[in-house]
Ligand SMILES: Nc1nc2c(c(=O)[nH]1)N[C@H]1C(S)=C(S)[C@@H](COP(=O)(O)O)O[C@H]1N2
Ligand SMILES: [Mo]
């Protein structure tokens, strides 16, 4: 501020301020004021963003590290709010999750990404609808002239306005008719750059979408998209702070009248609308986390319903893209709960010589296969990206038996709708880890039972003797330490009936490859 005030003493700067007072002379006035639709949409936007941001922070806290490279190698983060990954012990991605307070994250407790994602996706859907309607009405009514710069002169005028604000001698306010150039540029960036960037980089983190997009999915890989998504968040946070501060210090009543009452003047009308509107935000903010914890299953159901449009897109976009040898990650995060039984230790000790994979249920020919028999079957190799729901990714060359080969052998009956994978390990809250997949996904060319990782036998940490690879799904669907596969008609009577261990216990979606 001192520097800005000193600069205003310099004659050349004073001349500039006269030449560029803050609004280019060519700026068109919008004479229709602030119509009700615009005021309502402004409020809906801030209301939705509050919850999107909170849930987004919760998602970030589940893998509190950001990278530019796809690999997620510890030490290569450009940003983290977690300690350096400890060495000399297994440190899973779940160990790495950070707790947020419930007033900040939704729902606040540790590793609650399942519930946070429902909030993030469903409110984003509403926010996007609000945004699309806003774009349409903006251009249909001429209100766009407030937000879209039409001359390069906005740049010196914005610099001039910034200097005026910083020196605490505020520029004359003409917001009723037209914004000054600094307002116009920041509003423009927020509405037409930051918002679309957030949406695109949000979708680019989906395994189904990223895998489908070929070179684009590689160039704007998940970690890069996640980093840019975060930078867009930083812009929004900076914007909210600056915008709200200026609204209040440059004539709060006049400003609130425009955006909350549609009036030009300094009456109390705007305040009378603003206060209850903010009370609504405050109360829902206060209730969001406790409600989510109390009605977790309901949040999962409503979330799954609202996220259905995104889900349909990601399921329809069937990924086939593979990567090359050079893309293989030097590091691959481990995740999940390891098997802890004497039987499993015995299997490992004998090099899985006594392992039997049982496949039965609604099939014409149930089988029991030994480790050797599985390895003697046609082998498939693929280099693909693993997308953990928590946010990390990694590229591996997998080797194993294609699932479609097994389907041809077993012949699921016409009644079979799903394949259930049971693990030799329990899940984190006790009870057998399992997950359910559609038969169509089992026929996918990249679905396999992997026994090799980067050319070496699969390690116990990563799922030996067998783990599922199903490349259009998130990591939690790929059961490690497979004990048996069962073909069933539906999965309502399995576990809590949600289609898998994490679906039952962590409120993940049965299929949400976003
Ligand atoms: N049996 C079992 N399988 C599991 C899990 C688990 O906890 N138990 N975690 C899943 C999750 S969340 C991920 S991201 C991947 C991790 O595989 P990785 O350890 O090879 O990275 O395994 C999946 N398979
Ligand atoms: Mo995961």
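A Cβ is built for glycine as well, from the same backbone N, Cα and C atoms used for every other residue.
As annotated by TrEMBL, domain 'Cytochrome b561 bacterial/Ni-hydrogenase' applies to 34-260.
Per TrEMBL, the feature transmembrane segment maps to 118-140 (among others).
Within the same chain, residues 124, 128, 131, 134, 146-149, 154-155, 158, 179, 213, 217, 220, 222, 225-226, 228-229, 232-233, 235-236, 239, 242-243, 310, 314, 387, 391, 513-514 sit at least 6 positions outside the transmembrane segment (185-206) and bring their C-beta atoms closer than 8 Å to a C-beta of that stretch. The feature transmembrane segment is assigned by TrEMBL to 185-206 (among others).
Per TrEMBL, transmembrane segment is recorded for 227-249 (among others).
Annotated transmembrane segment per TrEMBL: 269-288 (among others), in sequence order. Residues 43, 46-47, 50-51, 54, 103, 106-107, 119, 252-253, 255-261, 263 of the same chain lie 6 or more positions beyond the ends of the transmembrane segment (269-288) yet place their CB under 8 Å from a CB of it.
TrEMBL lists 353-489 with the feature domain 'Oxidoreductase molybdopterin-binding'. Predicted-model confidence for the domain 'Oxidoreductase molybdopterin-binding' (353-489) is 97, expressed as mean pLDDT.
Under DSSP, the residues of the domain 'Oxidoreductase molybdopterin-binding' (353-489) split into helix, strand and coil as follows: 21 helix, 64 strand, 52 coil.
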